[in-house]
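Novice: This structure is in structure tokens; I'll ask about it shortly.
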Amino acid sequence: MAGLVDFKNEEEVKEYLDNLGTEYSYQCFKEKQPDGCNRLAEYLENIKKNFESAAHILKINCDENEHSESCYKLGGYYVTGKGGLPVDLKAAYSCFLKSCNKGGKKSIDSCHNVGLLAHDGRVNDEKPDALKARDYYIKACDGNFAASCFNLSAIYLQGAQGIPKDMNMALHFSEKACNLGHVWGCANSSRMYKLGDGVTKNDEKAESFKNKARDLHKMQQERTPQI
């Protein structure tokens, strides 16, 4: 069929990829499409392996267009120092915050990352901000990001500055993390029910969560490639 690329033909593949780059460049620079700029950055990163140019496009698209996915990706570049950018957690935090507040495919991941960076204090002169971390973990947990739900359970399990210990809330978020497939969410829920740790003791629920933790752990091991 005319127009289809023979992906076994090296010359056709090269021409196809070059045309993609031209198309995305046109979308970004001529048509001023934020989505086109994001596609161009992905093309530069994944096809051309030109991380410096990808970082440049991501920065423009995040700073000028506040494109959620580009801000998320740029935040990751700042975390690792990729694409010639300096390792700069405050810049990463700003990128993730934009992405989280903007919404989009990676906004939930970005909200979780804002929570992480606020939680460990490295973007606030080594002063953890548990309240801000909680607020952004809640946003991510509401979007069914399991790790954020688990981190919320840990905050309420131990208490933090400005956040009193609350075993009912700890159990609530631990159970949600478990239901989203987080092994330790299941394990902690099981333990709390087994010991009656701040909640009504319930051996049946303890066993149920224990079995779920075991099943999830087994599934994870099966998915992990064996050497």
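Heads up, the Cβ atoms here are built off N, Cα and C, so glycines get one too.
What Swiss-Prot shows for this protein is this:
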| type | residues | note |
| --- | --- | --- |
| REPEAT | 34-66 | repeat 'Sel1-like 1' |
| REPEAT | 68-104 | repeat 'Sel1-like 2' |
| REPEAT | 108-145 | repeat 'Sel1-like 3' |
| REPEAT | 146-182 | repeat 'Sel1-like 4' |
| REPEAT | 183-218 | repeat 'Sel1-like 5' |
Novice: Taking a Cβ cut-off under 8 Å, which residues six or more beyond the ends of the repeat 'Sel1-like 1' (34-66) line up next to it in the same chain?
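Specialist: Residues packing against the repeat 'Sel1-like 1' (34-66) from afar: 17, 20-21, 24-28, 73-74, 77, 82-85, 95, 98, 102.
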Novice: When the repeat 'Sel1-like 4' (146-182) is classified with DSSP, how many of its residues are helical, how many are strand and how many are coil?
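Specialist: Split into helix, strand and coil, the repeat 'Sel1-like 4' (146-182) gives 26 helix, 2 strand, 9 coil.
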Novice: Could you pull out which residues elsewhere in the chain have a CB under 8 Å from any CB of the repeat 'Sel1-like 3' (108-145), counting only those six or more residues past its ends?
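Specialist: Hits for the repeat 'Sel1-like 3' (108-145): 68, 71-72, 75, 89-90, 92-93, 95-100, 151-152, 155, 160-163, 173, 176, 180.
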Novice: Cβ under 8 Å to the repeat 'Sel1-like 5' (183-218), counting only same-chain residues 6 or more beyond its ends: which ones?
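Specialist: Distant Cβ neighbours of the repeat 'Sel1-like 5' (183-218) are 146, 149-150, 153, 157, 167-168, 170-171, 173-177.
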Novice: DSSP says what for the repeat 'Sel1-like 5' (183-218): how many helix, strand, coil residues?
Specialist: 29 helix, 0 strand, 7 coil
